[in-house]
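As written in Swiss-Prot, here are the features:
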{"type": "ACT_SITE", "residues": "D13", "note": "active site, proton acceptor"}
{"type": "ACT_SITE", "residues": "H41", "note": "active site, proton donor"}
{"type": "BINDING", "residues": "12-18, 40-42, R306, 332-334, 414-416", "note": "GTP binding site"}
{"type": "BINDING", "residues": "D13, G40", "note": "Mg(2+) binding site"}
{"type": "BINDING", "residues": "D13, E14, G15, K16, N38, A39, G40, H41, T130, R144, Q225, T240, R304", "note": "IMP binding site"}
{"type": "BINDING", "residues": "S300, T301, T302, G303, R304, P305, R306", "note": "substrate binding site"}
Amino acid sequence: MANVVVIGAQWGDEGKGKVVDIYTEFADNVVRYQGGNNAGHTLVVGDEKVILHLIPSGILHEGKRCVIGNGVVLDPEVFIMEITKLKANGYLKDDKMLLLSEALHIIMPYHKRIDIAREKKSGSKKIGTTGRGIGPAYEDKIGRRGIRLMDLLDEKAFTRKVKEVLEEKNLILTQLLGDQPFTFEEIYEEYMKYAETLRKYAADTSLILHQETKAGKSLLFEGAQGTLLDVDHGTYPYVTSSSTCSGGACTGSGVSPREIHEVIGISKAYATRVGSGPFPTELEDETGEQLRQAGREFGSTTGRPRRTGWYDALVARYAVRVNGLSGIAITKLDVLSGQETVKVCTAYNYKGQVLTEVPASLEIMEQCTPIYEELPGWNDDITGAKSMAELPKNARDYVARIEKLSGAPVVLVSVGPRRDETIVLRNPFELN
């Protein structure tokens, strides 16, 4: 039995959903522990494409319990839409296999309206929010003004708490942001309907996960976004509002750090970023567009084109350090097929100074230019490769170089979007 955390080792969109889908076969429980429906996991099962924003990817596997932990902020409407669609497609046959932490926070309609209005008002200083109310919901959580699932399920508590905050929210909307206010009645009517559906999924998930570990059952923690978007360790303020690093798996689920055995970081064979913020290896030329089209780099949540660039070994080393990565999974290696040469950033140039680690200062990082190591590319179609030996030598050398520069072993290589287009080098659920 092993408990494994899967996190993004870059700026999100690394292919975590596919890796989690593969690892779910070995797990008894799949746990989502942070973020909200600003995340989008795209899975390809056979010829079927499934996009999930809230519910853990493990839901596609019958007999696996899926848990949405206390660290998540949940939009009830989106959650209900997802379970409705999943059931219509033959998934989630047993409601008991999907649990919501009673302590998770609820995204309210004023969160979404504030989020959108603020972004419009930001002008050139936009963060790149998805406008789904994630940030404002976390603000209320930290400010001790949040509405938790347990509040939503208690009509009196819900009424009291919403009335306490609504006057302030309406002042922000009307006086500061020039938007429309809400009435308590419209919120109450909408959210009491949601409560009827959510009630059957609510549970003390921290206790249940504790009981599962004591019974020898395994846990797989499914992270959203990526390390460089972490609210503490990312490129602040161009970050998300939650703890995307491995430590967030414990605080966002109520599982002890002593119960974590492996942390696997997911990293594309190149790099992408959505929204604003520093991106030292960004390619704004024909090569960047080639990577965008070949990798279909458009957000599964927003549809926005992603910024593309070469692999950044400094970012990889940083992710290894702050997450304690025991392994790296490389995705989309196939996208690099056809490139005459491939590049890896091994250092930054900052005003003539060579930096070998990611700088803490955003202002410094914004002025860094990449120092590249160039490796020969390959033309072969590698999507059919079932082992490293079946890859072209140059592709193997590229993976080996990533491994050496990052400082963590490569445990999986994805050579295509399908579940079976994967080379598994080590299974983290098999403890030595």
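Numbers here mean position along the shown chain, with the first residue as 1.
Any Cβ shown, glycine's included, is placed from N, Cα and C.
Features per Swiss-Prot, on structure.
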| residue | record | CB count, 10 Å |
| --- | --- | --- |
| G12 | GTP binding site | 28 |
| D13 | active site, proton acceptor | 28 |
| K18 | GTP binding site | 27 |
| G40 | Mg(2+) binding site | 19 |
| T130 | IMP binding site | 24 |
| Q225 | IMP binding site | 28 |
| G303 | substrate binding site | 8 |
| R304 | IMP binding site | 13 |
| P305 | substrate binding site | 14 |
| R306 | substrate binding site | 22 |
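Proximity note: of the listed recorded positions (G12, D13, G40, L333), G12, D13, G40 have a CA within 10 Å of the CA of Q225 (IMP binding site), given in sequence order.
Taking a C-beta cut-off of under 8 angstroms and a sequence separation of 6 or more, L333 (GTP binding site) has the following same-chain neighbours: A269, I382, L391, A395, Y398, V399, V413, S414, V415. Packing around G15 (GTP binding site) is summarised by its Cβ count: 22 other Cβ atoms lie within 10 angstroms of its Cβ, all protein chains included. All protein chains included, V415 (GTP binding site) registers 25 other Cβ atoms within 10 Å of its own Cβ.
It is 19 Å from the Cα atom of R306 (substrate binding site) to that of K18 (GTP binding site).
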